[in-house]
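Q: Got a structure for you, questions after.
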Amino acid sequence: MTRNAPLLAALATLLLAAPAIAHDDAANPTHTVTGPADGYAFALAAPGTYSLPRIRPAADALLLDEFGAAHHLARLFRDRITVMAFMYTRCGNICPVAAMRMTDLQALAGEMPEVAGKLQLVSVSFDPAHDTPARMGEYARHLRADDARPPRWLFLTAPDEETIEPVLDAYDQPVMAKANPADPSGPYSHLLRVMLIDDAGQVRNIYSADFLDPRLVLNDVLTLIGGTSPAARTRQGDPRQ
Amino acid sequence: MFRKHANAWLLATVSATAIAASATAPALADETCQSPYMAKITGEEEFVYVWTLGMDGVGDGSDKVVTVDVRSGSPTFGQVIDVDSVGGQHEAHHGGLTDDRRHFWVQGLDTSMIWIFDIATDPANPKLVRTIDDFVEKSGGVVGPHGAYALPGRMMISGLSNTDGTGRTGLVEYTNDGEYIATHWMPTAEEPRGAENAAKADGYGYDARVLPRRNVMLTSSFTGLDNYMRPLGEVVNDPEAMKAFGGTMVLWDFHARTPRKVFEVPGVPLEIRWAWGENNNYAFTTTALTSEIWLIHEDENQEWHARKVGEVGDPSKMPLPVDISLSADDSTLFVDSFMDGMTRIYDVTDPFAPKLIHEKKIGAQVNMVSQSWDGERVYYTSSLLANWDKTGADNEQFLKAYDWTGKELVPRFEIDFLAEGLGRPHLMRFGSRDLYGS
């Protein structure tokens with residue numbers, strides 16, 4: 001048993017419950033996913049038919065990749081559209097669900113040439129004491145597609161809690177230590193926040209569990225790639241415009 | 001952010017099936033009228049925060065956040081333990097908590113001011129941390145910030161009016177720390193924005209609430225500043241003014257923030273409460289001027305409808321239903337009516353056929369009702385609007401707390417907000433130290 005056993009067991013359950021994901025023909029998307037969008041009252045709005053106003057600047061931080069190399073988030077954000085999730089590998093609750101959706105997102109985007117090279121996925125642990133670069137690497141191997149096709153998926157952690165705490169504050173990411181650190185679902189409570197960050201380093205959407213559907217996220221990515229001007233479209237239906 | 005935590009949270013937005021199955025713990029207590037995005041608490045609520053409108057000659061006369069101790073066994077149980085005046089009278093009305101429940105936003109309908117209080121650092125002693133005084137300018141002309149509804153990392157402020165003083169208004173988004181994001185104007189017949197039945201769209205606004213698992217938002221309608229800042233007696237005797245009230249609700253694609261369907265709900269539909277059950281695709285509202293209970297529901301063909309399902313008291317006497325509260329199990333609907341001071345409690349197990357199971361006169365006037373998540377404790381306040389509240393001896397201003405046995409309301413405590421020098425109590429929100437750790 002690895003030390004990630006609870007997480008991996010949860011992931012295995014979720015992935016087995018999901019439809020099979022094929023990887024055979026990039027020209028003809030074959031991935032079939034299920035997600036919260038299946039329960040929506042209306043079909044997803046088409047890319048570019050709605051606006052994604054700037055929410056806040058995405059803060060910089062110096063974090064470590066799975067090999068221990070340091071990266072500035074601000075540099076990683078340049079020229080790419082980023083879907084970034086805060087998580088921890090000991091989570092047996094909401095993180096495995098988010099991870100499954102990220103896996104689907106990577107697979108779907110991989111079949112879309114106009115998206116794959118522009119998009120990156122980033123998972124950031126807020127549990128650096130346990131989520132060392134090596135452990136993040138192990139976690140990544142269970143999630144990331146085997147092939148080297150884009151979009152890339154980075155797994156980052158911090159050298160210590162003192163480094164990650166201001167990052168959580170900057171992204172308004174609540175994390176609480178549970179009274180029972182041996183809780184089988186993990187030692188932390190946290191609200192799921194997954195950020196969509198544009199190539200100028202601005203947060204453009206924040207997904208809760210009910211909106212972390214890879215098809216919806218891809219529509220948002222396409223909306224950003226389409227080059228709509230958020231400033232001109234921020235005030236929807238403004239009678240003065 | 002890393003804090004010791006006595007009780008587990010129920011994670012917000014747990015309706016996605018897999019997540020619901022793995023949510024940490026059942027919520028045992030919390031008000032039931034909150035955003036589904038909001039963190040929930042376990043255990044009894046410890047504090048009730050009351051957004052209170054200042055009155056001339058009563059205390060300092062200013063609008064204020066009043067903190068009441070509701071901890072069972074506390075030596076100050078049922079007493080005011082903290083008062084935070086914001087200075088001046090702004091038509092204090094509604095507000096709301098952020099999704100992480102760390103901040104309490106309160107707003108003034110007259111001056112369009114917004115105050116953000118930190119309730120996490122010391123839940124017994126809220127502290128003002130930010131004042132927003134450019135809401136009208138930033139929003140592009142929305143006036144009268146009303147509801148404050150938690151979205152992930154954001155707040156949705158539903159407006160009531162605009163710079164012309166009429167009822168055309170919009171929804172305004174802010175970050176949790178008070179930075180403006182966007183404005184979404186309500187649809188009108190002239191600017192339908194693609195909504196079905198938009199010929200009936202009147203542009204009014206009041207409440208805005210989201211059913212995340214269906215990706216829909218529902219909005220309701222009231223009236224503009226020219227009416228809500230005018231004495232009620234004048235308004236009801238002015239035929240032209242009485243034409244300037246909303247009679248629609250709008251169903252939105254929430255993700256795209258796009259209006260999709262306009263419902264005709266005559267008589268000013270105010271508060272909206274979505275059912276909580278994971279298969280209950282419906283919401284209740286009541287109409288202020290026509291005293292009706294309406295259900296907005298999805299049928300078996302995934303079509304959405306608005307339908308009258310009941311009446312509140314004797315509509316011919318205009319009891320003026322105002323606030324409502326739906327129990328966490330979707331079985332019981334509390335309806336307050338301002339003019340007769342009554343609360344009526346309905347069995348809504350069949351949402352198409354509400355059955356009155358209890359009624360009680362709370363006071364000469366009553367407005368807001370908040371119940372605990374377990375449905376065992378209920379709180380009432382008295383004020384509607386400064387110029388619409390009753391006068392003389394009928395101008396009772398109170399917070400009253402009851403136990404709800406399932407059959408009757410049993411008094412727990414009450415606070416006379418005039419005798420205490422506080423003012424007109426309006427919106428209530430619950431707090432607990434367990435949210436933030438020891």
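Cβ atoms are placed via backbone N, Cα and C, with glycine included.
Okay, so TrEMBL annotates it like this:
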- A:1-22: signal peptide (SIGNAL)
- A:CYS91, A:CYS95, A:HIS190: Cu cation binding site (BINDING)
- A:CYS91-A:CYS95: disulfide bond (DISULFID)
Q: In the three-state scheme derived from DSSP, which category covers A:CYS91 (Cu cation binding site)?
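A: In three-state terms, A:CYS91 (Cu cation binding site) counts as coil.
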Q: Using all protein chains in view, find how many other C-beta atoms are within 10 Å of the C-beta of A:CYS91 (Cu cation binding site).
A: 26
Q: What's the number of neighbouring CB atoms sitting within 10 A of the CB on A:CYS95 (Cu cation binding site)?
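A: Its Cβ has 27 other Cβ atoms within 10 Å.
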Q: On the three-state reduction of DSSP, what should I expect for A:HIS190 (Cu cation binding site)?
A: strand
Q: Taking the mean position of the Cβ atoms of A:CYS91, A:CYS95, A:HIS190 as the Cu cation site, which residues outside that list, in the same chain, have a Cβ no more than 8 Å away, listed in sequence order?
A: A:PHE86, A:MET87, A:TYR88, A:ASN93, A:ILE94, A:ALA98, A:GLY186, A:TYR188, A:LEU192
Q: Which residues, sitting 6 or more apart from A:HIS190 (Cu cation binding site) on the same chain, put a CB under 8 Å from its CB?
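A: Listed in sequence order, they are A:PHE86, A:CYS91, A:ILE94, A:PHE126, A:GLN173, A:PRO174, A:VAL175, A:MET176.
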